[in-house]
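The heme c 1 binding site annotation in Swiss-Prot covers CYS40, CYS43, HIS44. Taken from Swiss-Prot, the feature heme c 2 binding site applies to CYS188, CYS191, HIS192. Residues or ranges marked as heme c 3 binding site in Swiss-Prot (evidence: sequence analysis): CYS325, CYS328, HIS329. Residues annotated as domain 'Cytochrome c 1' in Swiss-Prot: 26-129. Per Swiss-Prot, domain 'Cytochrome c 2' is recorded for 173-289, and the stated evidence type is sequence analysis. The domain 'Cytochrome c 3' annotation in Swiss-Prot covers 312-403 and is backed by sequence analysis. Look at Swiss-Prot and you will find 1-19 tagged as signal peptide.
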Amino acid sequence: MMKSILALVLGTLSFAALADDQANDALVKRGEYLARAGDCVACHSVKGGQPFAGGLPMATPIGTIYSTNITPDKTTGIGDYSYDDFQKAVRHGVAKNGDTLYPAMPYPSYAVVSDEDMKALYAYFMHGVAPVAQANKDSDIPWPLSMRWPLAIWRGVFAPDVKAFQPAAQEDPVLARGRYLVEGLGHCGACHTPRSITMQEKALSNDGAHDYLSGSSAPIDGWTASNLRGDNRDGLGRWSEDDLRQFLRYGRNDHTAAFGGMTDVVEHSLQHLSDDDITAIARYLKSLGAKDASQTVFTQDDQVAKALWKGDDSQTGASVYVDSCAACHKTDGSRLSALLPGAAWQPGGAGEPDPTSLIHIVLTGGTLPGVQGAPTAITMPAFGWRLNDQQVADVVNFIRGSWGNGAKATVTAKDVASLRKDETVQAHQGNADIKVLEQQQ
């Protein structure tokens, strides 16, 4: 009888332990998914390095800062962080030692992340990520600008109170989920919302604020982030919800293809999200009204195409375009296939008020990553090695003024030289290879 009772007790304890292990495994797996949604690996890794080990340089107006090691290494990472330490860093912007984090860490967006999701993220980073012994790099910001106490003042003035996201009364649950992902974990506004002179985002949500997601006010690492609102020319007004779903999932659709920093978002984050979450994000973005409701829909102008078809490349920049660009982007500014962006108007591209992204991609090229469902990676070669500053300025002005793009020829050789100086280093920077991360799982 005693043996039977003992066996029953041991069996019950074993079952309970198994159930706990399964629950913990499920929590870690959920945290992994949420880390994908937050695209944590993109900033906290460098190309050729280990995922989440930090070291990615981020240029700021006052110097360069480097992302930190967020692996569970107890000496150089966050292995000795309690849950409270972790959530204070992520949602409040306060490190374990009490220092305020640089707002390159989007803690103002993460302030709405729920306790349940924070606990899952903590479980993943403590138990699902390989520890890496790699010391953090000090910033290149000179003293006295490197002092942290002004950041604490900035945080007190501009960071929102930490308050878990709550759907609005009668809000469509799909829209609510999309809003949570876009405004919270996805931190889309960190790049796509303009900032004030004091560097805070002009809006953290769409609550009566048409600045939200209306496009970056200044380049970020040499790229400008596009308007995600419903504007007809420089926004997503011409896109359907299905267009957005395709772009988010694959980084390409019938309108454009991803370039710049958005390629990392597609590769490391969006391609891994569920169909339901991709739909929720797309539906929420399509619910955003235009910032400038007076914008007319882009209309293609074929005058330049007709001239090029006749062999007339006398317009400044036209001969460079024909020699270097037309094979893929065609003489009418469209594109050879859905794998390539067109040279005619597209959000974030040829007709944008700020030409920085276009100059950047001409100089350094870019790669559209292969993703699940669209495995072919397509690379645009860099042309900075064989085009001088004046030639780059000429072809950028030609593209921006042709096919109905409507921009004036304002780019100078000096503008190109300035950006080229920065891109000499930046072109060789990047993020961790996603395959390295997948091999760890």
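Quick reminder: no glycine exception, Cβ is built from N, Cα and C everywhere.
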Among the binding-site residues listed here (CYS43, CYS191, CYS325, CYS328), identify the one with the smallest other-Cβ count within 10 Å. CYS328
When you rank CYS40, HIS44, HIS192 by Cα distance to HIS329 (heme c 3 binding site), which of the binding-site residues ends up on top as the closest? HIS192
DSSP puts the residues of the domain 'Cytochrome c 2' (173-289) at 49 helix, 6 strand, 62 coil
Excluding near sequence neighbours, so keeping only residues 6 or more apart in the same chain, what lies with its CB under 8 A of CYS188 (heme c 2 binding site)? VAL182, LEU213, LEU228
